[in-house]
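**Student:** Attaching a single structure in structure tokens format; questions to follow.
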Amino acid sequence: AICSLVLYLLTLMLMEKLSSNSVDAQEVELVWTILPAIVLILLALPSLQILYMMDEIDEPDLTLKAIGHQWYWTYEYTDFKDLSFDSYMIPTSELPLGHFRLLEVDHRVVVPMESPIRVIITAGDVLHSWAVPTLGVKTDAIPGRLNQTSFITTRPGIFYGQCSEICGANHSYMPIVVESTPLPHFENWSSLLSTSSSL
């Protein structure tokens, strides 16, 4: 519709059916300025509302706190008492056969699939960034500030990520591994980890 209107006006101007009075008319310029502004506002307001609605999950099934350190991650499952661990990269010399070099960790983040997960992210020392591209997640970890992101996994699997903020000499040795499992498996894993950490 817009292209046809522009072509129509261009044709009229080329055929000189628009006089110089109508081309230089301030009323036309005023309409051409105000009308697009109104259209842009009408498009922007609902878009901003939807953007903010997508940003935060009101009632997540699980809240996880990720704390970046030089050069490892600490995870705290805030819905459980005493369920936290440090996650370090497995050195190449200790890597089991078939695992990914520089991407495998000694303790994976395990989450139930098909559940809304909120991750609260911060740092204990310098800037870090918790990024898992296959989940569409990248959030900066800033000392003294809590940032949050959320995701839902729709299938079981293992999702790899990295710290994506240059944080020092061993920046590339801060992998993130998220394992999505069915709810019964997650419940077994969390009870086993809670029991072993309380001993």
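Just so you know, glycine gets a Cβ as well, placed from its N, Cα and C.
From a predicted model like this one, the values you see are computed outputs, not experimental measurements.
Straight from Swiss-Prot, here's the annotation block:
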- His128, Cys163, Cys167, Met174: Cu cation A1 binding site (BINDING)
- Cys163, Glu165, Cys167, His171: Cu cation A2 binding site (BINDING)
- Glu165: Mg(2+) binding site (BINDING)
- 14-26: topological domain 'Mitochondrial matrix' (TOPO_DOM)
- 55-199: topological domain 'Mitochondrial intermembrane' (TOPO_DOM)
- 1-13: transmembrane segment (TRANSMEM)
- 27-54: transmembrane segment (TRANSMEM)
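Surface or core, plus neighbours and distances: that's what I need for these features.
**Tutor:** Counting only same-chain residues six or more apart in sequence, the Cβ atoms lying under 8 angstroms from the Cβ of His128 (Cu cation A1 binding site) belong to Gly68, Asp140, Ala141, Cys163, Glu165, Cys167, Met174. Classification of His128 (Cu cation A1 binding site) by DSSP places it within a strand.
Summarising the environment of His171 (Cu cation A2 binding site), the number of other Cβ atoms within 10 Å of its Cβ, over all protein chains shown, is 16.
Under the DSSP three-state reduction, Glu165 (Cu cation A2 binding site) is assigned to coil, being neither helix nor strand.
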**Student:** Just to confirm my parser: what is the rounded mean pLDDT across the topological domain 'Mitochondrial matrix' (14-26)?
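**Tutor:** For the topological domain 'Mitochondrial matrix' (14-26), the model's average pLDDT rounds to 62.
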**Student:** With an 8 Å cut-off on Cβ distance to the Cys163, Glu165, Cys167, His171 Cβ center, who else from the chain surrounds the Cu cation A2 site?
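**Tutor:** Those within range, site residues removed, are Gly68, Trp71, Val126, Leu127, His128, Ser129, Ser164, Ile166, Gly168, Met174.
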**Student:** Measure from the Cβ of Cys163 (Cu cation A1 binding site) and count the other Cβ atoms within 10 Å, all protein chains considered.
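**Tutor:** Result for Cys163 (Cu cation A1 binding site): 26 neighbouring Cβ atoms inside 10 Å.
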